[in-house]
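Take a look at the structure set out below.
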Amino acid sequence: MKSEDMRRNWYGVCAAMFAIAWGGNEFTPLLVFYKHEYDMSGPTVDVLLFAYVLGMIPALLIGGPLSDRYGRRPLMRPAAFIAAAGSMVLAVATDDVALLAIGRILCGIAIGLAMAVGTSWLKELSSPPFSRDRVGSGAKRAAMSLTAGFGIGAGTAGVLAEWGPWPHAFSYVLNAAICLVGAVWVWNVPETKPKARAGLFADLKIPSAGHARFLLVVVPLAPWVFGAAIGCQAILPSLIAPEVEAAPMAFAALISVVTLSCGFAIQTVARRIDRPGSARASQVALALLILGMAAAALASALLTIWAVLLAAVVLGAGYGIALVAGLSEVQRIAGPGDLAGLTAVYYALTYLGFAVPATLAYLNEYLPAVTYPWMFGFGAVAAAATLLFITRMSRRHPSGAVITPDPAMSASL
């Protein structure tokens, strides 16, 4: 195969993953838009945000094993079309909550497939016999594709909703068009995974999920990863919207970009902090999340731009280290045949954090005395309790062999 053909192969997968990731995060900065333009309640829009997870978790847990059995192409080919369909449903839904939920679920299915299948496919395309690129090239390409899609998707959606035409639809239509380009580009990428002969039930087994360290160290950390990040992106911009009345959607997009950028930038440091046999990276992450929750409590009380930005920076840093810390643990715990499966379980647990905004919104609406400063303050206390628990459990259950974390696995929101 010619070198130019090889470049086209991985470009196609990158393009599809970028487009799907864009669609996965474009809804977040528009929460403010739905609240103010359509008078949706806080709990309603936060439940719509969480609906994404209802599609993503099954796609994560089933898509990876199915791609190991049937190959990458049958699972990844339709993913960009599913993402385009999700964006188009969101574009026509306006204030129809049921349609918005369907659109979000479709986007969740697509990003679950991209994370579970696309990352593996890209790594294989960047390795012999398909390529002679350096070891780790595929992982870096996957990381860049996903992170760029998440960040640019949120930023573009907020800007277009603020200053572009058809604020309720234009960003979604744009993403649908980009997804179709990605779908066409990825269609003829060669298969890298021969069909497996083992039974489907055997493919779905994940023995390492019962490992004591996974249950007692990784599982308690996992919901904090996106619970902190999405709590910052979904809640604080809505609270401060009256203070940034001139451009509330653009400010929401800025908060998303700041949070994601800080999380991505600190991942190199996180890999240096992590040490096999200890929980140091998890401890540093939770320490940052304690500070971040305290900063969010202060920001929700003061409602100033700089306080919100400070909370976004600290929570973003905590999110970045927590994600890499958990994945590092997973890669040391997993057996030779269930790394992808255990990683999918970990991601599924991290995305449970998407329930945080809806939970806090319902508490605030039905128990008005439970204000956001108090809830974020409780979050800081809960993070401290998690830190103490993980520190104790990590000493009782030391980790296994050293395995270098895969940066591609640490690129997702």
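Here the Cβ of each residue, glycine as well, is placed from N, Cα and C on the backbone.
Features as listed in TrEMBL:
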- 1-395: domain 'Major facilitator superfamily (MFS) profile' (DOMAIN)
- 9-25: transmembrane segment (TRANSMEM)
- 45-63: transmembrane segment (TRANSMEM)
- 75-93: transmembrane segment (TRANSMEM)
- 99-122: transmembrane segment (TRANSMEM)
- 143-163: transmembrane segment (TRANSMEM)
- 169-187: transmembrane segment (TRANSMEM)
- 214-236: transmembrane segment (TRANSMEM)
- 248-269: transmembrane segment (TRANSMEM)
- 281-299: transmembrane segment (TRANSMEM)
- 305-327: transmembrane segment (TRANSMEM)
- 339-363: transmembrane segment (TRANSMEM)
- 369-390: transmembrane segment (TRANSMEM)
Leading contact stretch, 45-63, 143-163, 214-236, 305-327, 339-363 vs the transmembrane segment (99-122) - CB distance under 8 Å: 45-63
Distant-in-sequence neighbours of the transmembrane segment (369-390), which means Cβ under 8 A and at least six residues beyond its ends: 216-217, 220-221, 224, 231, 235, 239, 279, 282-283, 286-287, 289-291, 293-294, 296-298, 300-301, 360, 363
Recorded stretch, among 75-93, 143-163, 305-327, 339-363, maximising Cβ pairs under 8 Å relative to the transmembrane segment (214-236): 339-363
For the domain 'Major facilitator superfamily (MFS) profile' (1-395), mean pLDDT (0 to 100): 85
Of 143-163, 169-187, 248-269, whichever stretch has the most CB pairs under 8 A to the transmembrane segment (305-327): 248-269
Selected stretch (most C-beta pairs under 8 A with the transmembrane segment (339-363)) from 45-63, 169-187, 248-269, 281-299: 45-63
Same-chain residues at least 6 beyond the ends of the transmembrane segment (45-63) whose Cβ lies under 8 Å from its Cβ atoms: 24, 27-28, 31, 34-35, 75, 97, 100-101, 104-113, 115-117, 204, 230, 234, 341, 344-345, 347-348, 351-352, 354-355, 357-358, 360-361
Of 143-163, 169-187, 281-299, whichever stretch has the most CB pairs under 8 A to the transmembrane segment (248-269): 143-163
